[in-house]
Amino acid sequence: MGAAAKLAFAVFLISCSSGAILGRSETQECIFYNANWERDRTNRTGVESCYGDKDKRRHCFATWKNISGSIEIVKQGCWLDDINCYDRTDCIEKKDSPEVYFCCCEGNMCNERFSYFPEMEVTQPTSNPVTPKPPYYNILLYSLVPLMLIAGIVICAFWVYRHHKMAYPPVLVPTQDPGPPPPSPLLGLKPLQLLEVKARGRFGCVWKAQLLNEYVAVKIFPIQDKQSWQNEYEVYSLPGMKHENILQFIGAEKRGTSVDVDLWLITAFHEKGSLSDFLKANVVSWNELCHIAETMARGLAYLHEDIPGLKDGHKPAISHRDIKSKNVLLKNNLTACIADFGLALKFEAGKSAGDTHGQVGTRRYMAPEVLEGAINFQRDAFLRIDMYAMGLVLWELASRCTAADGPVDEYMLPFEEEIGQHPSLEDMQEVVVHKKKRPVLRDYWQKHAGMAMLCETIEECWDHDAEARLSAGCVGERITQMQRLTNIITTEDIVTVVTMVTNVDFPPKESSL
């Protein structure tokens, strides 16, 4: 019996360790296809590069329909870290489906071929006459059965542990307050009604919705943009992310079937919309400009700040990487809040910032070093890239301000006058990098004391030398000082203004990055 027990235990150890011994093929690229490419605003076919956290697996997937023997592909592409796809080199569906078939696999382009092989039902053999067993057979049987049961329980427990640890949760629900209070009820248990589409972007569309008796914004991502949705959720879930000048996060959910899944991100809703939309329809006074610019700068400064010792943990420094007027929302009192963290990077001590692809963001807001592909992949370099883009947003505000004694321009995006509405990467490289041009600062802006100071601040934000740029905190302090200074100036003091402007002590230019 001792030899039998040793044999069973050895078999059990081999079966448990075989998965760790076997290597797995890394998935870098998958065949891409989207039957609903027009609705989702994607390419129809092609090859998709798979990105994700280094400690997560990447897979390929395919979904299709079988209509009277005719195969109709629904979607193909990248799939992120699903335990059901582990160590599958072929894309094979084994379960029958009346609607859509789904398979996933590991390995480059492994979803190019897919198939359906139903699991064969094991038929029970017909009973045969019982032949007498020797006595030692019963001894061995009674010895092995308890050992095999124990081994089975251990294997099942290990599988459940891995499944819950590594598989992505079907519903992510944050707490309303990241501190000690218990989590809020599941959003899925509250009636959430989509009302109207308010905006469409690179990663999906934004709906105005009603949650109980309040309006909320619901950003809906298609499944192929899971990485962006997951990144936004992770950034919003960091300690200390509740701030007046950062968009309020409410929750995140998966909606739909296992195949046709939409990813929802629920945030506060602001009727005035983005700064870009507001400036298209409105001009701003000097005080309104200062309020919008100051609150925007304070939001970005808080995002950039590394704050240890909060009650719910350590808030790391975060680079937004897509600062633009479309991603600055306005509350009813024109207070600005930063939104859209799909491309954001967090810088946690002792941890990698993740996959840092250099040329990301919106072309017309890309800093010279981004356009050149000459980024220093350090925290401060990414924060300075945000500051270049902020300089362009401040220019948009200045172009629609009524403070200066001159005409107010029609709203235009940065570089729209120089390049047009749809610049290519090559266009931006030529204008920004080689010619070192920036949007025009009108001469008559300089005749207003506050606008003259603002123009100087803008130029120091979009400086070609990244290390010479201001920090967000410094910009916020400067705008506060500008508003305070101009508010005490009267028309009779116009002669004094020139002296005051030239002698004003700005906050130090050194970046606090």
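Here the Cβ of each residue, glycine as well, is placed from N, Cα and C on the backbone.
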Taking Lys219, Lys226 as the options, which does Swiss-Prot list with Lys198, Ala199, Arg200, Gly201, Arg202, Phe203, Gly204, Cys205, Val206 at the ATP site?
Lys219
According to Swiss-Prot, the cysteine among Cys60, Cys85 that forms a disulfide bond with Cys30 is Cys60
Under Swiss-Prot's annotation, the disulfide partner of Cys85 is which of Cys50, Cys104, Cys110?
Cys104
In Swiss-Prot, Cys103 is disulphide-linked to which residue out of Cys78, Cys91, Cys110?
Cys91
One finds that other Cβ atoms within 10 Å of the Cβ of Cys30 (disulfide bond) number exactly 28
Nearest of the recorded positions to Cys104 (disulfide bond) by CA-CA distance, picking from Cys30, Cys60, Asn66, Cys110?
Cys60
Cys105 (disulfide bond) versus recorded positions Asn43, Cys78, Cys91 - nearest by Cα
Cys91
What remains of the recorded positions Asn43, Cys50, Cys60, Cys78, Cys85, Cys110 once a 10 Å Cα-Cα cut-off to Cys91 (disulfide bond) is applied is Cys60, Cys85, Cys110
Nearest to Cys85 (disulfide bond) in three-dimensional space, by Cα, is which of the recorded positions Asn43, Asn66, Cys103, Cys110?
Cys103
